[in-house]
Amino acid sequence: MAFNVTILSIFPEMFPGFLNYSLAGKALEKKIWNLEVINIRSFAKDKHSTVDDVPYGGGAGMVMRSDVVGDAVDSMLSVHKNTKFIYMTPSGTKFNQNIARELLEFPHITILCGRFEGIDQRIIDAYTPYELSIGDYILSGGEPAAMVVLDACIRLLPGVVNNTDSITEESFNYGGGVLEYPQYTRPEQWKGYKVPEVLLSGNHKKISDWRQKQSHVITKKRRPELLSGEINDKFT
């Protein structure tokens with residue numbers, strides 16, 4: 001069964017963007033995943049296709065209108081009644097590999113991409129989307145964040161990555177969720193740097209032990225919370 005995605009955006013022309021290339025692009029051609037993009041501006045109430053307005057209470061920036069966004073959401077829900085509805089926002093749960101895997105369990109997902117200062121809170125109150133963030137920084141809109149989420153999901157779909165070991169041995173999958181070990185390829189020596197001898201030994205047990213140790217060392221140094229389990233890694 002294909003992975004089906006609907007995007008709600010005021011810039012539909014941004015999609016599929018970089019998802020039209022490499023693994024994701026080939027998977028889109030093969031219909032391993034399907035993309036539908038809905039233009040929120042199509043639901044605007046005036047001839048200028050206005051989707052935003054000044055915030056009540058004052059403040060900087062503009063806010064996406066609840067009536068316009070709500071009509072776009074209602075239109076989507078009339079077709080995709082069982083979709084998993086997601087809103088990309090910096091204040092959401094931080095996205096990770098486990099969430100990417102769990103998203104694939106849904107037959108259809110919808111991602112709402114915000115702009116300006118975000119969407120009217122009443123959209124969140126009325127539709128209770130799952131609020132998702134890709135990190136502690138601000139983008140100009142939710143579209144790039146949505147593409148990041150989709151890229152992480154798509155490469156996990158059967159038939160996208162030919163060598164499944166590439167997935168099971170990478171960061172956040174390898175060794176119970178730690179960072180990946182260092183990788184080396186030809187030439188054997190470069191600018192005085194040599195490939196570790198153990199990787200040239202042909203001893204698979206020693207190579208495996210070395211990789212596990214390196215993963216643990218790197219994770220402890222850069223992301224110790226992954227070892228302590230102090231992260232929210234569930235899609236709830």
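Don't overthink the numbers, they just go from 1 along the chain as shown.
Glycine residues also receive a Cβ, built from the backbone N, Cα and C atoms like all the rest.
S-adenosyl-L-methionine binds Ile134, Gly135, Asp136, Tyr137, Ile138, Leu139 as Swiss-Prot records it, and from the list Gly114, Gly159 the residue named for this site is Gly114. Counting every protein chain shown, the Cβ of Leu139 (S-adenosyl-L-methionine binding site) has 16 other Cβ atoms within 10 Å.
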